[in-house]
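Undergrad: In case it helps, Swiss-Prot gives these features for our protein:
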DOMAIN    27-98  domain 'KRAB'
CROSSLNK  LYS166  SUMO2 cross-link
CROSSLNK  LYS176  SUMO2 cross-link
ZN_FING   203-225  zinc finger
ZN_FING   231-253  zinc finger
ZN_FING   259-281  zinc finger
ZN_FING   287-309  zinc finger
ZN_FING   315-337  zinc finger
ZN_FING   343-365  zinc finger
ZN_FING   371-393  zinc finger
ZN_FING   399-421  zinc finger
ZN_FING   427-449  zinc finger
ZN_FING   455-477  zinc finger
ZN_FING   483-505  zinc finger
Amino acid sequence: MAAAALRDPAQVPVAADLLTDHEEGYVTFEDVAVYFSQEEWRLLDDAQRLLYRNVMLENFTLLASLGLASSKTHEITQLESWEEPFMPAWEVVTSAIPRGCWHGAEAEEAPEQIASVGLLSSNIQQHQKQHCGEKPLKRQEGRVPVLRSCKVHLSEKSLQSREVGKALLISSGVLKHQVTHTGEKSHRSSKSREAFHAGKRHYKCSECGKAFGQKYLLVQHQRLHAGKKTYECSECGKLFRDMSNLFIHQIVHTGERPYGCSNCGKSFSRNAHLIEHQRVHTGEKPFTCSECGKAFRHNSTLVQHHKIHTGVRPYECSECGKLFSFNSSLMKHQRIHTGERPYKCSECGKFYSHKSNLIKHWRVHTGERPYKCSDCGKFFTQCSSLMQHQKVHTGEKPFKCNECGRFFRENSTLVRHQRVHTGAKPYECRECGKFFSQSSTLMQHRKVHIGEKPFKCNECGRLFRENSSLVKHQRVHTGAKPYECRECGKFFRHNSSLFKHRRIHTGEMQ
């Protein structure tokens, strides 16, 4: 068959669908073989020749498993020994002429102008109407229809890998498709015929117990257990078990995206990806959790969600041993150990380990405060800040210190307080080695070393390292004296001044 002559694989008919009631016979290797002349063989590159070899051998193996190929042909022997399997040009053309149908306008068209292709077409129904009308395929019990050849004109343009690959893929696919419709050739006894029509599956996988109605399906399935991947991508070297999967994969390299979304125009390389994408527009969520009823667009998302109910946490951090339900959660967690901060604020250049933290930080620049307190109307940038604030109104203080019995609104505040009892000072200054009980105190202290004074008095321009120092200083300008002595009623600007004054009344200064 001259696959080299394909102008467009979509113009080539499906051989199995060209059968008429009176044209059925037994399948032989010749009916599904693909042949090239010496001139055509030279046009194939190494990847195309390898693909050709794999398809021919697979077709022969399939027919042999069905009892339809009793001995190896000369061509198969050539392929196994890696010899060039081309035929003379006249033999390629005339080998299938008696069974063919013609694309030429006249039946007398010269054989030299045509080539046997016997492959399939993506436009099946159109071709059927041209040649066979709309007769349905009628199967005679116990017989396998012959794949008929169809002639098309030779093309002048060079072979393209995609055309040859699709043609060869189709050659193999037609044979498998035909066997699926007709059953195996070995319906020799009434018992086996009855078993086939009854839908029985006699071919059982010894590994997993799965049963199949046809032997070739079992052979294909067993590749899963054997890990056998015989089809290699010439672009990246990736291996596949089935040629159909290789063909689908090659779209990645060609960049072809034939499936377009009618709603937004986005294109996809596979129809399955388009179907999944369209759920964004339709809102369809066909995958429902049997535990909680939550629905998802993708089955993979449902599978991940199930881990919440099962408690399965297969992903373990090698640094601290913490377990996670999802690999993505583990990867985010590991940034704590690596210090990686891939998310950068475009306004101030600050980096964050998680995108969610960057989004929260971004509100500092935009001024957005989407969370409102229903009690006092105050707005907050984060939901967690609102929840903490609401405890002010409820008076809730659920966190208790076991040492002194004091209560706190937040657990973080309790943890900081407990350092008063334990004396823990986990925060060390790298400059001078001084330790602090709180991170905020360390940050304030570090300004001593770097000389940073970010807080400026608007009245006199004086700079301060801490905001609290600025607040105290501003009382000089405002005259505010918020601290009152309960003994004599005198007021003071600073709490420290009041503390010293009280010694007069207690007699400590004497």
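Backbone N, Cα and C atoms are what each Cβ position is placed from, and that goes for glycine too.
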Undergrad: From the DSSP assignment alone, can you count helix, strand and coil residues within the zinc finger (371-393)?
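TA: Once the DSSP states are binned, the zinc finger (371-393) shows 11 helix, 4 strand, 8 coil.
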Undergrad: Sort out the residues at least 6 away from either end of the zinc finger (315-337), same chain, that have Cβ-Cβ distances under 8 Å to it, and list them.
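TA: Distal contacts: 304, 307-308, 353-354.
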Undergrad: Tally Cβ pairs under 8 Å between the zinc finger (203-225) and each listed stretch (231-253, 259-281, 399-421), then give the stretch with the top tally.
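TA: Looking at each of 231-253, 259-281, 399-421 in turn, the most contacts to the zinc finger (203-225) are made by 231-253.
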